[in-house]
Amino acid sequence: MGTYKAEDDYDYLFKVVLTGDSGVGKSNLLSRFTRNDFSHDSRSTIGVEFATRSIQVDDKIVKAQIWDTAGQERYRAITSAYYRGAVGALLVYDVTRHVTFENVERWLKELRDHTDANTVIMLVGNKADLNHLRAISTEEVKDFAERENTFFMETSALEAINVENAFTEVLTQIYRVVSKKALDAGDDPTTALPKGQMINVGSRDDVSAVKKSGCCAT
(Lines of atoms letter the chains of each structure in order from A and count residues from 1; the text may use other names and numbers.)
(Lines give C-alpha, C1' and ligand atoms only; values in the text may rest on other atoms or scores of the structure.)
Protein backbone atom coordinates (compact mmCIF):
# COMPACT_ATOMS: atom_id res chain seq x y z
CA MET A 1 0.00 0.00 0.00
CA GLY A 2 1.14 3.56 -0.54
CA THR A 3 0.30 7.11 -1.44
CA TYR A 4 -1.73 7.83 -4.55
CA LYS A 5 -1.63 11.36 -5.92
CA ALA A 6 -4.49 11.63 -8.42
CA GLU A 7 -7.21 12.95 -6.10
CA ASP A 8 -10.01 12.59 -8.66
CA ASP A 9 -9.28 8.93 -9.38
CA TYR A 10 -10.39 6.59 -6.62
CA ASP A 11 -12.39 3.43 -5.97
CA TYR A 12 -13.65 4.14 -2.46
CA LEU A 13 -14.38 7.28 -0.45
CA PHE A 14 -14.27 6.94 3.35
CA LYS A 15 -15.17 9.61 5.88
CA VAL A 16 -12.86 9.60 8.90
CA VAL A 17 -13.23 11.92 11.89
CA LEU A 18 -10.73 13.22 14.41
CA THR A 19 -12.01 13.64 17.95
CA GLY A 20 -10.65 14.27 21.43
CA ASP A 21 -9.88 17.23 23.67
CA SER A 22 -8.77 20.60 22.36
CA GLY A 23 -5.00 21.04 22.14
CA VAL A 24 -4.05 17.38 21.72
CA GLY A 25 -2.77 17.90 18.18
CA LYS A 26 -5.67 16.80 15.97
CA SER A 27 -5.14 19.57 13.40
CA ASN A 28 -1.42 18.88 13.17
CA LEU A 29 -2.04 15.15 12.72
CA LEU A 30 -4.37 16.04 9.85
CA SER A 31 -1.93 18.47 8.22
CA ARG A 32 0.99 16.05 8.68
CA PHE A 33 -0.89 13.22 6.98
CA THR A 34 -2.50 15.23 4.17
CA ARG A 35 0.18 17.88 3.49
CA ASN A 36 3.25 16.67 5.40
CA ASP A 37 3.11 19.96 7.28
CA PHE A 38 3.35 20.96 10.95
CA SER A 39 2.51 24.33 12.49
CA HIS A 40 4.07 25.38 15.78
CA ASP A 41 1.47 28.15 15.97
CA SER A 42 -1.55 25.91 15.52
CA ARG A 43 -4.52 27.61 17.12
CA SER A 44 -7.67 25.78 18.20
CA THR A 45 -9.75 24.85 15.19
CA ILE A 46 -12.75 27.11 14.72
CA GLY A 47 -15.78 25.16 13.56
CA VAL A 48 -15.15 22.23 11.22
CA GLU A 49 -12.67 21.66 8.43
CA PHE A 50 -11.65 18.63 6.43
CA ALA A 51 -8.86 17.55 4.12
CA THR A 52 -8.45 14.62 1.75
CA ARG A 53 -5.75 12.20 0.75
CA SER A 54 -5.76 9.03 -1.33
CA ILE A 55 -3.73 5.90 -0.64
CA GLN A 56 -3.50 2.52 -2.30
CA VAL A 57 -4.76 -0.53 -0.41
CA ASP A 58 -4.21 -3.80 -2.26
CA ASP A 59 -5.00 -2.80 -5.85
CA LYS A 60 -7.65 -0.22 -4.93
CA ILE A 61 -7.42 3.54 -4.51
CA VAL A 62 -8.97 4.64 -1.21
CA LYS A 63 -9.72 8.33 -0.75
CA ALA A 64 -10.00 9.56 2.83
CA GLN A 65 -12.11 12.58 3.66
CA ILE A 66 -10.78 13.45 7.12
CA TRP A 67 -12.78 15.83 9.31
CA ASP A 68 -11.33 17.91 12.12
CA THR A 69 -13.17 19.96 14.75
CA ALA A 70 -12.24 21.70 17.99
CA GLY A 71 -12.72 19.61 21.11
CA GLN A 72 -14.12 22.50 23.10
CA GLU A 73 -17.53 22.11 24.69
CA ARG A 74 -19.10 25.06 22.88
CA TYR A 75 -18.84 23.19 19.57
CA ARG A 76 -20.78 20.13 20.73
CA ALA A 77 -23.86 21.36 18.85
CA ILE A 78 -22.27 20.19 15.58
CA THR A 79 -21.81 16.65 16.88
CA SER A 80 -24.52 14.88 14.88
CA ALA A 81 -23.54 16.34 11.52
CA TYR A 82 -19.86 15.88 12.27
CA TYR A 83 -20.12 12.16 12.95
CA ARG A 84 -22.77 11.39 10.32
CA GLY A 85 -21.47 8.96 7.71
CA ALA A 86 -18.12 8.39 9.44
CA VAL A 87 -16.71 4.89 9.02
CA GLY A 88 -13.46 5.52 10.88
CA ALA A 89 -12.19 7.68 13.73
CA LEU A 90 -8.95 8.68 15.38
CA LEU A 91 -9.62 9.48 19.04
CA VAL A 92 -6.65 11.58 20.10
CA TYR A 93 -5.20 12.35 23.53
CA ASP A 94 -1.96 14.04 24.62
CA VAL A 95 0.50 11.67 26.32
CA THR A 96 1.75 14.57 28.48
CA ARG A 97 -1.70 15.56 29.84
CA HIS A 98 -3.49 12.83 31.77
CA VAL A 99 -6.79 14.70 31.77
CA THR A 100 -6.98 14.30 27.98
CA PHE A 101 -6.81 10.53 28.44
CA GLU A 102 -9.37 10.65 31.25
CA ASN A 103 -11.76 12.30 28.79
CA VAL A 104 -11.25 9.58 26.17
CA GLU A 105 -14.05 7.50 27.68
CA ARG A 106 -16.54 10.35 27.19
CA TRP A 107 -15.36 10.97 23.62
CA LEU A 108 -15.59 7.25 22.89
CA LYS A 109 -19.18 7.11 24.17
CA GLU A 110 -20.13 10.12 22.06
CA LEU A 111 -18.47 8.56 19.02
CA ARG A 112 -20.27 5.25 19.48
CA ASP A 113 -23.58 7.00 20.12
CA HIS A 114 -23.35 8.68 16.71
CA THR A 115 -21.72 6.01 14.52
CA ASP A 116 -22.24 2.40 13.52
CA ALA A 117 -20.81 -0.39 15.67
CA ASN A 118 -18.49 -1.38 12.81
CA THR A 119 -16.78 2.00 12.73
CA VAL A 120 -13.02 1.51 12.93
CA ILE A 121 -11.64 3.38 15.95
CA MET A 122 -7.96 4.11 16.56
CA LEU A 123 -6.94 5.48 19.96
CA VAL A 124 -4.01 7.83 19.30
CA GLY A 125 -1.55 9.04 21.93
CA ASN A 126 -0.03 12.12 20.32
CA LYS A 127 3.11 14.10 21.29
CA ALA A 128 5.06 10.89 21.91
CA ASP A 129 8.25 12.84 21.17
CA LEU A 130 7.83 14.47 24.61
CA ASN A 131 8.61 11.24 26.43
CA HIS A 132 10.30 13.08 29.31
CA LEU A 133 6.95 14.77 30.04
CA ARG A 134 4.86 11.61 29.68
CA ALA A 135 1.88 11.43 32.06
CA ILE A 136 0.20 8.28 30.70
CA SER A 137 1.94 4.93 30.36
CA THR A 138 1.64 2.96 27.15
CA GLU A 139 0.50 -0.07 29.15
CA GLU A 140 -2.37 1.86 30.75
CA VAL A 141 -3.71 2.84 27.36
CA LYS A 142 -3.09 -0.57 25.84
CA ASP A 143 -5.21 -2.14 28.59
CA PHE A 144 -7.97 0.40 27.94
CA ALA A 145 -7.83 -0.25 24.18
CA GLU A 146 -8.09 -4.01 24.71
CA ARG A 147 -11.03 -3.51 27.05
CA GLU A 148 -12.82 -1.24 24.59
CA ASN A 149 -11.86 -3.22 21.47
CA THR A 150 -10.16 -0.33 19.70
CA PHE A 151 -6.86 -0.05 17.90
CA PHE A 152 -4.08 1.92 19.58
CA MET A 153 -0.99 3.74 18.40
CA GLU A 154 1.30 6.48 19.73
CA THR A 155 2.28 9.27 17.36
CA SER A 156 4.23 12.48 17.04
CA ALA A 157 2.85 14.96 14.53
CA LEU A 158 5.93 17.12 15.17
CA GLU A 159 8.43 14.40 14.25
CA ALA A 160 6.11 12.54 11.84
CA ILE A 161 6.26 9.36 13.93
CA ASN A 162 3.49 6.81 13.23
CA VAL A 163 1.16 9.44 11.73
CA GLU A 164 1.21 7.71 8.35
CA ASN A 165 0.81 4.34 10.04
CA ALA A 166 -2.18 5.40 12.15
CA PHE A 167 -4.24 6.81 9.28
CA THR A 168 -3.23 4.03 6.88
CA GLU A 169 -4.17 1.33 9.39
CA VAL A 170 -7.62 2.87 9.92
CA LEU A 171 -8.25 3.14 6.17
CA THR A 172 -6.99 -0.39 5.55
CA GLN A 173 -9.25 -1.81 8.27
CA ILE A 174 -12.26 0.06 6.84
CA TYR A 175 -11.45 -1.38 3.42
CA ARG A 176 -11.25 -4.89 4.93
CA VAL A 177 -14.69 -4.47 6.54
CA VAL A 178 -16.25 -3.21 3.32
CA SER A 179 -14.66 -6.02 1.29
CA LYS A 180 -15.76 -8.67 3.78
CA LYS A 181 -19.33 -7.37 3.81
CA ALA A 182 -19.46 -7.41 0.02
CA LEU A 183 -18.15 -10.98 -0.09
CA ASP A 184 -20.54 -12.12 2.66
CA ALA A 185 -23.39 -10.68 0.62
CA GLY A 186 -22.21 -12.60 -2.43
CA ASP A 187 -21.17 -9.47 -4.30
CA ASP A 188 -17.99 -8.76 -6.15
CA PRO A 189 -16.28 -6.23 -3.84
CA THR A 190 -14.90 -4.40 -6.86
CA THR A 191 -18.40 -3.68 -8.18
CA ALA A 192 -20.55 -3.70 -5.05
CA LEU A 193 -19.78 -0.08 -4.19
CA PRO A 194 -19.97 2.55 -6.93
CA LYS A 195 -17.02 4.88 -7.32
CA GLY A 196 -17.49 8.09 -5.37
CA GLN A 197 -20.12 6.75 -3.00
CA MET A 198 -19.62 7.57 0.67
CA ILE A 199 -19.24 4.17 2.28
CA ASN A 200 -21.39 3.05 5.20
CA VAL A 201 -20.00 0.02 7.00
CA GLY A 202 -23.54 -1.16 7.73
CA SER A 203 -25.03 -3.49 10.29
CA ARG A 204 -24.14 -3.80 13.97
CA ASP A 205 -23.78 -7.59 14.08
CA ASP A 206 -20.31 -7.86 12.60
CA VAL A 207 -18.29 -5.91 15.15
CA SER A 208 -15.85 -8.71 15.96
CA ALA A 209 -14.47 -8.62 12.44
CA VAL A 210 -13.08 -5.15 13.01
CA LYS A 211 -12.46 -4.44 16.66
CA LYS A 212 -9.24 -6.27 17.35
CA SER A 213 -6.99 -4.32 19.68
CA GLY A 214 -3.51 -3.62 18.47
CA CYS A 215 -0.68 -1.49 19.78
CA CYS A 216 2.11 0.02 17.77
CA ALA A 217 3.73 2.38 20.25
CA THR A 218 6.87 4.32 19.57
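Glycine is no exception: its Cβ is also placed from the backbone N, Cα and C atoms.
Of the listed segments 42-50, 105-113, 114-122, Swiss-Prot assigns motif 'Effector region' to 42-50.
Figure note: comparing Cβ neighbours within 10 Å for the binding-site residues ALA128, ALA157, the maximum is reached by ALA157. For the recorded site, LYS26 (GTP binding site), the DSSP three-state label reads helix. Mapped onto three states, the DSSP output places ALA157 (GTP binding site) in coil.
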